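What Swiss-Prot records for 36-38, 88-99, 140-141 is substrate binding site. Per Swiss-Prot, disulfide bond is recorded for Cys29-Cys44, Cys38-Cys50, Cys43-Cys57, Cys72-Cys87, Cys81-Cys93, Cys86-Cys100, Cys124-Cys136, Cys129-Cys143, Cys147-Cys152, Cys158-Cys173, Cys167-Cys179, Cys172-Cys186 (among others). Among the features that Swiss-Prot reports, domain 'Chitin-binding type-1 2' is placed at 69-111. According to Swiss-Prot, the domain 'Chitin-binding type-1 3' annotation covers 112-154. What Swiss-Prot records for 155-197 is domain 'Chitin-binding type-1 4'. Here Swiss-Prot flags Gln27 as pyrrolidone carboxylic acid, drawing on experimental evidence. Summarising the annotation, Swiss-Prot assigns signal peptide to 1-26.
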Amino acid sequence: MKMMSTRALALGAAAVLAFAAATAQAQRCGEQGSNMECPNNLCCSQYGYCGMGGDYCGKGCQNGACWTSKRCGSQAGGATCTNNQCCSQYGYCGFGAEYCGAGCQGGPCRADIKCGSQAGGKLCPNNLCCSQWGFCGLGSEFCGGGCQSGACSTDKPCGKDAGGRVCTNNYCCSKWGSCGIGPGYCGAGCQSGGCDGVFAEAITANSTLLQE
């Protein structure tokens, strides 16, 4: 009886995990998902799916850590930023001092969070980028050249063709050797990270990596 009970619990737990993974993979957003936003600054692709990497954050990205900063504020007819991002004094959406500091027009204005090699290798929370100067944020100043981790605007090489390099933030290394989150990265052929399509752990981890 005890063995059957243990087996039933194990099967139940497996079913819950499978359901969570399927839910994460199928998460819809943007115009195709009732204008929902993705959690933890994951990008909403042009096709309305949440993830991270070029397929999600590149061309057509609707919200989240898109590689092209959205316009906002007085320079964009009073438009506001999605994902609770700051609108800088120059009318661009993002996170960090350049966006949330002096002249910030809207959003959670706050101080910088340190990260990267300048902070003992700490990662930023919620998929924020760690700039070359060691501060967390979103936008070209953080996710562009020299970006150390997070939603960097260039897919970082990984896997067997990159000397066995693993992705930061527990992102998946796809079969093509690039880092990201989503079925195309964590599914068939995934080399490391939250593989086998179960990338919900990677999403959750990024919400608790570093607290202010």
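Every residue gets a Cβ built from N, Cα and C, even glycine.
Fair warning: this is a prediction, and the values are worked out from it, not measured in the lab.
Considering only the binding-site residues Met36, Gly91, Gly94, Ala97, Ser140, Cys44 (disulfide bond) has Met36 as its nearest partner by CA-CA distance. The residue listed as 'pyrrolidone carboxylic acid' falls within neither a helix nor a strand when secondary structure is assigned with DSSP, and so counts as coil. The subset of recorded positions (Gln27, Cys152, Cys179) lying with their Cα within 10 Å of the Cα of Cys72 (disulfide bond) is empty, i.e. none.
When the Cα of Cys167 (disulfide bond) is compared against those of the binding-site residues Met36, Gly91, Gly94, Ala97, Ser140, the shortest separation belongs to Ser140. Ala97 (substrate binding site) carries a helical DSSP state (H, G or I).
The C-beta environment of Cys29 (disulfide bond), restricted to residues of the same chain at least 6 apart in sequence and closer than 8 Å, consists of Met36, Glu37, Cys38, Cys44, Gly48, Tyr49, Cys50, Gln62, Asn63. Considering other CB atoms within 10 Å as the measure, the emptiest surroundings among the disulfide-bonded residues Cys43, Cys81 are those of Cys81.
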